[in-house]
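Novice: If you look up Swiss-Prot, you'll see 98-175 marked as disulfide bond, on the strength of sequence analysis. According to Swiss-Prot, the N-linked glycosylation site annotation covers 3, on the basis of sequence analysis. The topological domain 'Extracellular' annotation in Swiss-Prot covers 1-26, 80-100, 164-185, 311-324. Taken from Swiss-Prot, the feature topological domain 'Cytoplasmic' covers 48-58, 122-142, 207-289, 346-379, and the record attributes it to sequence analysis. Look at Swiss-Prot and you will find 27-47, 59-79, 101-121, 143-163, 186-206, 290-310, 325-345 tagged as transmembrane segment, backed by sequence analysis.
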């Protein structure tokens, strides 16, 4: 009776393992397809749409391409390693392959962290110092410099082999980030660097939030009469609108007394130096989108960074296998979540997507946009 029951138990166990392997491979394939489709679609949208040829979208283009390359390089290797581990005579992945994949994972992780820090700084300058941002940082040279700096810093942070490939016992992440036993101080230093970069990014956005909140405080109006000898108004009671119009290049007549020695802006590139309300709303929407990407990066990479800290400071077996598996899968999901966040938080991207792909727009939405188009041409 005992001999008769053993094959049945082995068959049921083998079926459960096969089902778990199939579910794991299907999930990895879905993540790979979603990441490649979303990131490539947004990259093509940014390249084809001329209204998106601005510095923030160039940085978003680099982030999308990096996420797509990470999914294309790492997820198929994890799928292959999972199949090898589940095979009866499966061989563990080679040490060189694991080191290469661990280097790529660290490279893309540090690249995203450094790039998001640069994006946070540019977002702060775009709102707090808009004139300096519009004159110096709004073009593609600044975006190219930030992209090159992010890749160079990421390469410098990921190249030393203190972050090695994991062992063959981790079926879900056989080639994920793991410190070497003899490289614990170096691994701790790089983990501290990653935490410092992510923390600095959130501090920049916190400073931006305080800046916006301070500018929204209501102050009581002081009704002091303004001084006027011609069309210009100056003095304590003046609102400054005439001087602002004259400085921006829209005023006519003599120079206001308070602006003697200042030349008005001409019709060239420096004519639009004031942050009007619509531009301010656009910059705020971009800030919300990039901060959502930064926050998701922290939430999805945070559990694995905590596990890495425990492995470095305590011992490799101090982290439960279930927690390690869940944290690794969260890092896999980060490669395909950014296009979804961009589509949800950026109305300009949604409008450009509907314009480039009219087949994705419903007839009701097309009819709803018709009066707006007629209103835009003056009918």
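Just so you know, glycine gets a Cβ as well, placed from its N, Cα and C.
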Novice: Including all protein chains shown, what's the count of other C-beta atoms within 10 A of the C-beta of residue 98 (disulfide bond)?
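Specialist: A count of 22.
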Novice: Given pairs 6 or more apart, does the transmembrane segment (27-47) have at least three Cβ pairs under 8 Å with the transmembrane segment (325-345)?
Specialist: yes
Novice: Look over the recorded stretches 59-79, 101-121, 290-310, 325-345 and say which has the most C-beta pairs under 8 A to the transmembrane segment (186-206).
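Specialist: It is 101-121, which has the most Cβ pairs under 8 Å.
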Novice: Please spell out the DSSP helix, strand and coil residue counts for the topological domain 'Extracellular' (311-324).
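Specialist: Split into helix, strand and coil, the topological domain 'Extracellular' (311-324) gives 10 helix, 0 strand, 4 coil.
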Novice: Near the topological domain 'Cytoplasmic' (48-58), which same-chain residues lie under 8 Å Cβ to Cβ, leaving out any that are not at least 6 residues past its ends?
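Specialist: Hits for the topological domain 'Cytoplasmic' (48-58): 119, 122-123, 137-140, 142-144, 147, 286, 290, 348-349, 352, 355-356.
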Novice: By the DSSP assignment reduced to helix, strand and coil, which category contains residue 98 (disulfide bond)?
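Specialist: Its secondary structure by DSSP: helix.
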